[in-house]
Amino acid sequence: MSAFAIPLTVVGSINADITATTERLPGPGETVGGGTLTRSPGGKGANTAVAAARLGARTRMIGAVGTDPTGTEVIAALRQAGVTVDSIAEVDAETGTALITVDAHGENTIAVCEGANAHVSIDGHDFADDTVLTQLEIPMTVVSALARTVRGFFVVNAAPALPLPAEVIDRADLIIVNESEYAALPQLRSARSVAVTSGAKGSTLFSRGEQIAHAPARRVTPVSTVGAGDAFCAALTIALRAGIPAEAALRTANAVGAYAVTDPSARPAFPTLDHFLSETGPAHDLLPTGPGKDKDRR
Ligand code: RIB
């Protein structure tokens, strides 16, 4: 079994993404025509779960969708990717939707309508000693409840950017932010472990404000960066839990994130473990051959 086959629970958002690809992003009050429309499953939580499953993690998703046909479609996409979907609730609301615009340089804007994601709950769920990864497209009360409940490795992708409660910062084993968020949130200097993504400059791991590892980015021409952060979070979490040292884990996550930007939609370019290993060269040497640190649970 791959060292990446860790038991992972993702608690987070599940969306349908409606993406317009246009030459440039519209400004306030402006209409830009000539777009190409794509509908695809998305959501920071669900994207992370799919990226993790493709890399070989035994991934369960806790989230919520509506009872509408979109809810059925987004669950089917997760199931098809190998994610365990039994813990996804169907609630009386519309399935979450993200309205995305991507320009010719891969820049984007995203407007999210939370819908069913506002009803995510962890009541009645058992986490055993799973690694648990969450994001901030679900109620912060749920993130705080996770901080009080999770016994295993607890990871918070602080996206979209919001101030984190002290109990979450104190409990998290790993917080992932981008560099402007790290600069804007001084309280993160007290966190045990913070991974900071800096786009083309790569990513850096800090502990209590001190840099402990850095890895440069892989050079790639972005088609769309939507979902790249989600893939980065999945890969970094899995690599660290698989026992890969910090600098190499960052390098692995940068490489997985670089794959993700090569498609207009969030998920199609997320690599499988075999694909990743066949193309990344040096990263191949980084993978321990034994089982990961987590014990088998499912
Ligand atoms: O991180 C990318 C995701 O953010 C998109 O898939 C969209 O659904 C928004 O939630």
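Numbers run from 1 along the shown chain.
Here the Cβ of each residue, glycine as well, is placed from N, Cα and C on the backbone.
Here is what TrEMBL says about this protein:
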- 9-272: domain 'Carbohydrate kinase PfkB' (DOMAIN)
- Asn15, Ala16, Asp17, Gly43, Lys44, Gly45, Ala46, Asn47, Glu137, Asp230: substrate binding site (BINDING)
- 21-45: region 'Disordered' (REGION)
- Asn178, Thr197, Ser198, Gly199, Ala200, Lys201, Gly202, Gly229, Asp230, Asn254: ATP binding site (BINDING)
- Val226, Ala260, Asp263: K(+) binding site (BINDING)
- Asp230: active site, proton acceptor (ACT_SITE)
Taking a cut-off of under 6 Å between Cβ and any atom of ligand 1, tell me which of the binding-site residues Lys44, Ser198, Ala260 pass.
Lys44
Under a three-state reduction of DSSP output, how is Glu137 (substrate binding site) classified: helix, strand, or coil?
coil
Rounded to a whole number of Å, the separation of the Cα atoms of Asp17 (substrate binding site) and Ser198 (ATP binding site) comes to 25
With DSSP helix as H/G/I and strand as E/B, how many residues of the region 'Disordered' (21-45) fall in helix, strand and coil?
2 helix, 8 strand, 15 coil
Can you see whether DSSP assigns Asp263 (K(+) binding site) to helix, strand or coil?
coil
Are there residues of the same chain, six or more positions away from Asp230 (ATP binding site), whose CB falls under 8 angstroms from its CB, and which are they?
Lys44, Asn47, Thr48, Ala51, Gln135, Asn157, Ala260, Ala266
In sequence order, what residues of the same chain, 6+ apart, have a Cβ less than 8 Å from the Cβ of Val226 (K(+) binding site)?
Asp17, Thr19, Gly42, Ile100, Val102, Asn108, Ile110, Pro264, Ser265, Ala266
Nearest to Asn178 (ATP binding site) in three-dimensional space, by Cα, is which of the binding-site residues Asn15, Ala46, Glu137, Asp263?
Glu137
